[in-house]
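**Q** Mind having a look at this structure? Questions to follow.
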Amino acid sequence: MIMLEAVYHRMGQNWSYAYNDSTLHIRIRTKRDNVPRIDLHCGEKYDPEKYKETIPMERMASDGLFDYWQAAVQPRYRRLVYYFALHSDNGDAVYFMEKGFFDQPPKVMYEGLFDFPYLNRQDVHTPPAWVKEAIFYQIFPERFANGDPSNDPEGVQEWGGTPSAGNFFGGDLQGVIDHLDYLSDLGVNALYFNPLFAATTNHKYDTADYMKIDPQFGTNEKLKELVDACHARGMRVLLDAVFNHCGHTFPPFVDVLNNGLNSRYADWFHVREWPLRVVDGIPTYDTFAFEPIMPKLNTGNEEVKAYLLNVGRYWLEEMGLDGWRLDVANEVDHQFWREFRSEIKRINPSAYILGEIMHDSMPWLQGDQFDAVMNYPFTNILLNFFARRLTNAAEFAQAIGTQLAGYPQQVTEVSFNLLGSHDTTRLLTLCSGNVERMKLATLFQLTYQGTPCIYYGDEIGMDGEYDPLNRKCMEWDKSKQNTELLAFFRSMISLRKAHPALRGSGLRFLPVLEHPQLLVYERWDDNERFLIMLNNEDAPVNVVIPAAQPGASWRTVNGEPCAVVEESSIQAALPPYGYAILHAPIAGTAE
């Protein structure tokens with residue numbers, strides 16, 4: 001019996017959307033393992049009998065409760081009416097239309113059906129194509145490298161000392177320029193910088209001047225030199241924009257502090273009670289969290305809006321930036337972000353607009369605001385399995401399935417997939433110092449679709465608890481670097497860049513019930529297929545996997561000697577926290 005109460009579909013968002021200017025993706029949800037087959041019946045609404053087709057739907061993902069199905073449709077006239085035929089094991093079918101469930105198909109094709117009115121090109125969410133090929137590297141500027149001691153702040157401490165909330169070590173833009181060859185050799189092709197604008201703190205999220213690089217980092221001209229040097233190496237550059245709030249030394253806020261309601265900037269901020277003060281630790285004005293030094297900007301004010309849009313415009317036009325990462329993006333009004341996107345895309349249609357949001361973000365990812373968000377839900381899925389070891393492989397696969405079904409495919413393709421940042425405990429620390437477990441998490445990140453980001457120093461084995469210890473100085477002494485881990489990162493980045501299948505959407509998890517901590521999955525495209533096995537257990541495992549392509553020329557990559565390929569199966573002996581990556585060309589393609 002089909003469990004109708006589990007069936008779900010609606011127009012729009014991640015259920016019925018334009019993937020590109022000629023293709024629609026239609027999705028439906030059913031109870032897990034309850035419906036063996038679904039057909040999508042669709043047609044042209046103004047002549048449905050002449051232009052109609054039946055498309056078998058594919059199970060695109062599953063989680064603990066549901067299966068998610070998808071069909072791609074290219075309507076000849078860009079319009080579509082449709083309904084679903086859900087088939088049971090006994091041959092019966094249920095027909096699902098906008099009006100509900102029926103035991104017979106519609107007598108008239110266009111009555112009571114779901115309706116996609118028209119595929120307007122302007123409505124298609126089209127993230128920049130380059131982001132799908134990008135591998136980001138996050139740099140916390142104050143801690144990456146000190147290339148110019150002449151701009152060190154007063155009281156600068158010796159490089160490599162213990163970080164605190166308020167100390168400085170002299171990292172700057174020249175230090176980044178000096179190490180661009182290192183980043184090129186690592187293989188990354190995009191850099192994301194924490195804030196660079198003038199501020200009082202070491203993290204610079206308390207902006208004092210949005211039009212000026214902080215003097216301890218360098219000058220505006222030095223940033224232009226850095227951007228040009230990155231572009232010459234094929235690297236993109238993303239800067240952090242803090243538009244939710246400013247710093248307490250931002251001149252308009254200083255004016256409000258001094259003049260209260262008489263300040264011409266009084267409406268630039270969200271003041272609940274005058275005069276501005278802090279009562280029992282709570283400011284009388286809205287802030288980021290309850291930080292008195294970070295007053296929240298009123299982006300509904302036309303002057304504030306014009307000022308911030310000019311900031312976004314200036315740095316793209318003058319410096320040639322490739323996009324913005326938007327801090328605390330979910331606390332800024334949607335209308336401002338719509339205008340921001342329009343202005344940024346007018347200047348550079350290929351600019352990447354990335355929002356910092358740590359929860360479900362569908363309202364911001366419909367093509368009118370952000371291209372992507374920082375995918376912290378993905379982060380937590382990986383950390384709970386590989387680092388904290390709170391879940392098993394089946395639960396991991398189910399959580400990934402929920403994520404895949406939660407967004408349109410083009411959003412998933414550019415989702416910012418990170419394993420750590422300046423706001424999290426370091427990956428190696430979460431893995432209890434176990435480098436092999438850290439490798440497994442990184443391996444999945446770099447063989448999964450989306451846009452991976454590496455937090456500076458993770459590749460050499462840097463550790464650190466939560467802020468401020470996760471913001472240590474980059475270790476440049478090679479004798480103190482984990483060079484074997486660095487070689488692993490370089491190898492995996494190279495593998496990802498060489499094989500489009502590892503960046504595409506083809507994904508299937510293969511359950512191995514006798515080994516609950518063994519994660520096995522396939523990645524593929526039209527030309528090649530990968531089988532990847534990750535043993536997230538402190539004991540060796542021996543596993544036999546039926547070959548997805550019997551007779552295919554499967555080969556291990558990266559020199560793993562642990563897998564034996566036979567005609568109908570693949571046998572692997574994996575050491576504790578070991579892995580195997582196998583590759584085969586699709587039949588009929590060149591190897």
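Placed from the backbone N, Cα and C atoms, the Cβ positions cover glycine too.
Quick paste from Swiss-Prot:
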type	residues	note
ACT_SITE	ASP327	active site, nucleophile
ACT_SITE	GLU356	active site, proton donor
BINDING	ASN146, ASP148, ASN151, ASP152, GLY170, ASP172	Ca(2+) binding site
BINDING	HIS245, ARG325, HIS422, ASP423, ASP467, ARG471	substrate binding site
SITE	ASP423	site 'Transition state stabilizer'
**Q** What are the sequence-distant neighbours of ASP423 (substrate binding site), meaning same chain, six or more residues apart, C-beta distance under 8 angstroms?
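**A** Correct list: ASP467.
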**Q** Using C-alpha atoms only, work out the spacing between ARG325 (substrate binding site) and ASP172 (Ca(2+) binding site) and round it to an integer in Å.
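**A** Cα-Cα, rounded: 19 Å.
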**Q** How far apart, in angstrom, are the most distant Cα atoms among the substrate-binding residues HIS245, ARG325, HIS422, ASP423, ASP467, ARG471?
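**A** The widest Cα-Cα gap among those binding residues is 22 Å.
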**Q** Of the recorded positions listed here (ASP327, GLU356, HIS422, ARG471), which is spatially closest to ASP148 (Ca(2+) binding site) when Cα positions are compared?
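**A** Checked the recorded positions ASP327, GLU356, HIS422, ARG471; minimum Cα distance to ASP148 (Ca(2+) binding site) goes to ARG471.
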**Q** I want to check the contact list for ASP152 (Ca(2+) binding site): same chain, sequence separation of six or more, C-beta distance under 8 angstroms. What comes out?
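**A** Counting only residues 6 or more apart in sequence, the Cβ neighbours of ASP152 (Ca(2+) binding site) under 8 Å are ASN146, PHE168, GLY170, GLN216.
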**Q** Taking the Cα atoms as reference points, how far is ASP327 (active site, nucleophile) from HIS245 (substrate binding site) in Å?
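**A** The Cα atom of ASP327 (active site, nucleophile) is 9 Å away from the Cα atom of HIS245 (substrate binding site).
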**Q** If you compare CA-to-CA distances from HIS245 (substrate binding site) to each of the recorded positions ASN151, ASP172, GLU356, which comes out shortest?
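**A** Comparing Cα positions, the candidate nearest HIS245 (substrate binding site) turns out to be GLU356.
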**Q** Which are the residues of the chain, ASN146, ASP148, ASN151, ASP152, GLY170, ASP172 excluded, whose CB is within 8 A of where the CB atoms of the Ca(2+) site average out, their centroid?
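**A** Output for this site, in sequence order: GLY147, PRO149, SER150, VAL156, GLY171, GLN174, GLY175, GLN216, PHE217.
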**Q** Compare the C-alpha of ASP172 (Ca(2+) binding site) with the C-alpha of each of the recorded positions GLU356, HIS422, ARG471, and give the closest one.
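**A** Nearest in space to ASP172 (Ca(2+) binding site), counting only the recorded positions, is ARG471.
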**Q** Name the one residue among GLU356, HIS422, ARG471 whose Cα is closest in three-dimensional space to that of ASN151 (Ca(2+) binding site); these are the recorded positions.
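**A** Nearest in space to ASN151 (Ca(2+) binding site), counting only the recorded positions, is ARG471.
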